[in-house]
Each structure stands twice: as C-alpha cells, then as structure tokens.
Amino acid sequence: MNIVVLVKQVPDSGTERSLRADDKTVERDSASLVINEMDEYAIEEALKVKEAVGGTVTVLTMGPDKATESIRKALSMGPDGAVHVNDPALHGSDALATSKVLAKALQGLEWDLVIAGAESTDGRAAAMASMLSERLGVAGLTGARKLTVDGSTLTIERQLEDGYQVVEAQTPAIVSVWDTINEPRYPSFKGIMAAKKKPVDTKSLADLGVDASEVGLGAATSSVVEFAPRPPRAAGEKITDEGDAGSKLVAYLAAEKIV
Amino acid sequence: MAEVLVLVEHVDGAVKKITTELLTAARQLGEPSAVVVGAPGTAAGYADTLKEFGAAKIYAAESDEALTYLVAPKSDILASIAGSASPAAILIAATAEGKEIAGRLAVKLESGLLYDVVGLGADGVATQAIFAGQVIVKSQVTSGTPIYVLKGGAVDAEAAPAAGELVEASVSLSEAATKAKILDRVVESSGSRPELTDANIVVSGGRGVGSADNFKVVEDLADSLGAAVGASRAAVDSGFYPHQFQVGQTGKTVSPQLYVALGISGAIQHRAGMQTSKTIVAVNKDPEAPIFELADFGVVGDLFAVAPQAAEEVRKRKG
Ligand SMILES: Cc1cc2nc3c(=O)[nH]c(=O)nc-3n(C[C@H](O)[C@H](O)[C@H](O)COP(=O)(O)OP(=O)(O)OC[C@H]3O[C@@H](n4cnc5c(N)ncnc54)[C@H](O)[C@@H]3O)c2cc1C
Ligand SMILES: Cc1cc2nc3c(=O)[nH]c(=O)nc-3n(C[C@H](O)[C@H](O)[C@H](O)COP(=O)(O)OP(=O)(O)OC[C@H]3O[C@@H](n4cnc5c(N)ncnc54)[C@H](O)[C@@H]3O)c2cc1C
C-alpha cells in the first residue's frame, strides 16, 4: 500500500506565539518550529500500516525553506522519501488555498492512502483531511483513534465526545488521526543518519501547475482586520496552607456565591 | 432581507443550545433559516424552538440515507440549499463534525471560512482566540458566501419569535458523499457526573495526584460540589484517568463557573482548555507554578490535605 503522510511545520505550542505586525501572518522567524504534534501520530500510523502490508511511505509538506528541518525529522522516523512544496507565493495562504495546493501535489503522486493529523496546533482548522477528500472525490475517514486495514477495506474508530463511530471505506481514502491512535516512535540514530540520504523532491507552484495568483495572502478568502494579546486575568488571592486552607477555599467560594 | 443558513445541531429529539446561539447571531446578518438534517419526521418536532429563536424558514432535509455516511452528505445538503437561497452567510457549530462540514462546504462554494469564532458582529467581523487563547484576532471574509464556524457561548441566545415556515429540502447525495459508511455508534458513558463540557463546576487533577487510585480525592471534591471531573494530559498519559476527560488543547475546552485545578502546573496547552472559566481555583505545592497566574484563589499546599478538607467543608455547608 502506498501511503502519503501530511506533515505541517508549526511554532511550538508550548511557547508564546504571535502574529507578525506587518502582514498579520504567523510569526515564524523568532519561533521555535516543530512538526505538528498530531502529524507524528500520522507518521507512526503510516509506518505501522507499511510494516503490516508492505508498500511505501512518503511525507508531503507545504511550507517555507525552514520546513526542511521538520521533513528530515519526519524522515528519521522511517518514511521512504518526501515531497516539499515550497514557493514564496504560498506565504499567507488560507485553508482553501492550502487544500488546493496539497490536492494538486497529491494528484501528482501514486497513493492508496493519505494520513493526516486531525488538527494542527497553530491553525486548528481540523478540516484539512475533509477539504482534501472533497477536492479529490475520495473517502474521508476523519478523526480516527484506531485504523484497521484489510485489503482495500479501511475501518476506523472515529473519536467522538462521548464514544466513537465505526466507519468504513475503500481505498483510495484520506484518514486523519488523533493522538489516541498510537505512541509515536523516537527516531533511532540509524534512522537519523539514513534520513540525510532520503530523497526530498522540492516542487514549486509552477511544477504543480498552480497559478501563483490563486494562493498566498493576496488570494486569501478572509483577512485579519486587527489583533491584540489577550488581556491578562486580574491577579487573584494566594494563600499558603496552614492546616485550614480547605476551609478557607470553601469560604471564598461561598463569598463568591458559588457554593 | 437575505437568508442566513444555520445548520441545526440536535440530539435525542432536542435542539442543542448552540443552535439557539447561532440563530441569535444570524439575526444580525439577515433572516435566519434553520437547516435540519435528520431522519424523516424530525424537523417538525424542532419547529417550536427554532421559531422561538428567530428561524423565518426551516429547511427539512430528511433522509435516513444521508445519516449513514460521514460528514459529506451534510455539506452536500447545505451547498444545494445555498445554491437556491443565495444566503448572506452560513453558520455552523464548531464541533469536530461542524468544522469538517464547513471545510467541505468552503471548497464546494469557493467561499471564505472563519472557524473557532468566539464573537460575531453585525458587520460580519468575527473574533477568534488563537494560539491557545493568547491572541485575540478580528477577521472578516473577503470572498464568496461567508462561512462562520462558531464556538458555544460566542453570543448569548435571545428569543425573537419568527414564522418558521417549514420547507422541504430535497436530498440527493453525490457519489462522492457516500464513500465513508457509518457502521456503528458506541457510547462510552461518563457515569453519573455531569458532562464535562456542560458542567457548571469542573474539578481537575494533574500529575500531582500521583496515581489512578489517588484520583478518588479529585472525584470526592467533585462529587461534593456536583462537579464534573477533568484531568491534565500528564495525568491521562500516566494512566491516572481516561482520555475522554482530558482538558486542554488536545482535549476538551471547558468554560465553567468554577474550575478547580489540583496538582496541575498550568502549561500553556492546559490553559488553552480552561482559561475562560469564570472563576479559577488552584491547589499546588509549588508557589511558582504558572497556574497561579490565572487563579482567582490559589492555595500553596498539599492537595491531599486541602482537597479532602474542602470536600468536607462543602458537605457541612450543604448540610
Ligand atoms: C492562528 C491561525 C488562524 C487561522 N485562521 C484561518 C481561518 O479562519 N480561515 C482560513 O481559511 N484559514 C485560516 N488560517 C490558515 C490555515 O490554518 C492554513 O492555511 C493551514 O495551512 C490549514 O489549516 P490548519 O493548519 O488549521 O489545518 P488542520 O485542518 O488543522 O490540519 C490538519 C492536518 O492537515 C495537514 N496539513 C495542514 N497544513 C499542511 C501543510 N501546509 N502541509 C502539509 N500538511 C498540512 C497536517 O497533517 C495537519 O495535521 C489560520 C492560520 C492560523 C495560524
Ligand atoms: C502539542 C501538545 C498538546 C498538549 N495538549 C495538552 C492538553 O490538551 N491538556 C493538558 O493538560 N496538557 C497538554 N499538553 C501537555 C502540557 O504541555 C503539560 O505537559 C501538561 O499539561 C502537564 O500536566 P500537569 O500539570 O498535570 O503535570 P506537571 O506539569 O508535571 O505538574 C504537576 C504539578 O503538580 C504539583 N504537585 C505535585 N504533587 C502535589 C501535591 N501533593 N499537592 C499539590 N500539588 C502537587 C507540582 O508542583 C506540579 O506543578 C500538551 C503538550 C503538547 C506538546
């Protein structure tokens, strides 16, 4: 089974993140950039499917030059190669344009299965797999916490607030995964060394046959009017337990009319 | 006045609260039309609520078949109604499914999409809280039929009765919409405590709780307050508590009247799921723990001493 894994590079969600003052896009220059967390689970799942039924795993990333680092990190986990869509015109693309470009890139590859993360930690659209399945007219098995492959039949447990749905489709299909699906492996030293030699095919918009006027900030279907940091919460009261803090806590709640 | 389509969220024969909020928000932009996708005969049962909150029209897209496939049929139905109604905007709830429906719809209509909206004005400018809520953004759609995906509580629901004329919407599913078949639905119950995302009070435990067994201390304080129980990711990853109760960026977002954090350090990703709680109380033995930055009432102390005493005190006061 030939599998493509979608990997996005994002600013580390454990750090302070911001937008650029000039064009109001994500501040990437000063940010510490990492693989979107869910995408590590997508890579792991792809590798597991390959280990079970054979085939290839290709990483697909749309992102700037810096995304090369994340691609190498992804490859060090075990995928066979990568496609990096990189073009200055892509800066500031919205979800619609991103899905257009990723769909074009997927059309140029041979695959039975695409695995994406269910959600990125920066944009959080949680919709890329659905948008791609809409564009490509293939099944979208989204929000999986479990994936079973049996020949060309794919079955997932789709994670819900209060349980799950069992959903089935035939390949070709696009699956998106949550962090409940597996435990991603750490790259081995051998994997890190091997990743340096794996092929990374860089594609421009012209290579994909996408016109630069259809993507980027200029073509965005929505725009940021203004932004500001969230006002901090007003400082509260802080006490040190001297044996009666439980009672004092409840007295506070009572004063606030919560209990 | 132009129509504004609102996709109705409903479960077990009742319209969800978020739909009444969406209808209220829609009234600022035009005349709300509720779209019900459901089994044959369901839409009429919702009419009273939908009318009360301002639906001038109720499109009944009733089909058993549409419900057996994942996500795609609902965007097919909305796209088809949008094709004939030429709405001024489309409003969808920011649930996992809602976001996916909206994404597909944006592709079909080639329209701009704003998701995780926490406020919407009459001028169509939407407020979003991005980067774990650290940055507040105002944005607008500049192309196509604006699709807004609203989080619960983005607007307060207000009644404004309207005609609610029932219109049958024909359902025809494209071949592409019938590729992911739903075979089963399994509910894993949360027991007798209130649902985490609906609860007025949430008591959460973190790594500091130390073990699955020790979570009894968290549950006991929660039960004294009639609260739901939550957990940090570290507590979930350590196997102290099931994943469905995780609060934070990769778990649930809660916004209760009271949030109590026991043995939780207050990492950015945890705050993302609870910082809009009305009142925040934290118990942590480390005076430097970042959770104290947002706590309205912080206790530097051992949770195993403070929480049981608080539970006992609550029970005493309640008699
Ligand atoms: C804070 C913020 C807010 C935004 N708000 C909006 C908005 O309201 N409307 C709008 O149209 N756009 C918005 N965008 C832009 C949009 O998020 C990006 O275009 C993004 O590439 C696609 O959305 P996502 O990352 O949220 O996707 P998600 O659907 O959350 O991502 C799911 C998965 O898709 C895959 N994926 C996503 N992007 C890529 C990529 N570039 N390369 C490879 N795989 C990828 C990954 O596997 C990822 O795990 C916003 C961006 C940011 C940072
Ligand atoms: C992409 C990504 C997504 C994430 N998503 C989430 C998410 O959704 N939710 C989430 O919670 N985290 C999330 N995290 C993890 C987050 O970064 C933190 O690691 C996590 O929140 C820490 O949990 P904790 O506070 O329970 O543990 P710790 O940080 O280990 O804190 C434990 C605290 O307990 C205190 N303590 C110990 N013993 C006691 C005692 N007896 N009495 C009182 N206090 C005590 C300690 O002082 C300490 O402050 C995410 C991380 C990443 C990278």
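Placed from the backbone N, Cα and C atoms, the Cβ positions cover glycine too.
Copied over from TrEMBL:
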- B:4-182: domain 'Electron transfer flavoprotein alpha/beta-subunit N-terminal' (DOMAIN)
- B:R207, B:232-233, B:246-250, B:263-270, B:N284: FAD binding site (BINDING)
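Neighbour counts were taken at the CB atom with a 10 A radius for the binding-site residues B:Q246, B:Q249; the maximum falls on B:Q246. The most densely surrounded of the binding-site residues B:R207, B:H270, judged by C-beta neighbours within 10 angstroms, is B:H270. Around B:I264 (FAD binding site), the same-chain residues at least 6 positions away in sequence with a Cβ under 8 Å from its Cβ are B:S204, B:G205, B:G206, B:R207, B:G208, B:S232, B:H270, B:A282, B:N284, B:I291.
In three-state terms derived from DSSP, B:Q246 (FAD binding site) belongs to an extended strand segment. When the C-beta distance to chain A is held to under 8 angstroms, the binding-site residues B:R207, B:Q246, B:Q249, B:I264, B:A267, B:H270 reduce to B:Q249, B:A267, listed in sequence order. Secondary structure at B:H270 (FAD binding site), as computed by DSSP, is helix.
Residues near B:A267 (FAD binding site) in space but far in sequence (CB under 8 A, at least 6 apart, same chain), listed by position: B:S232, B:G248, B:P290.
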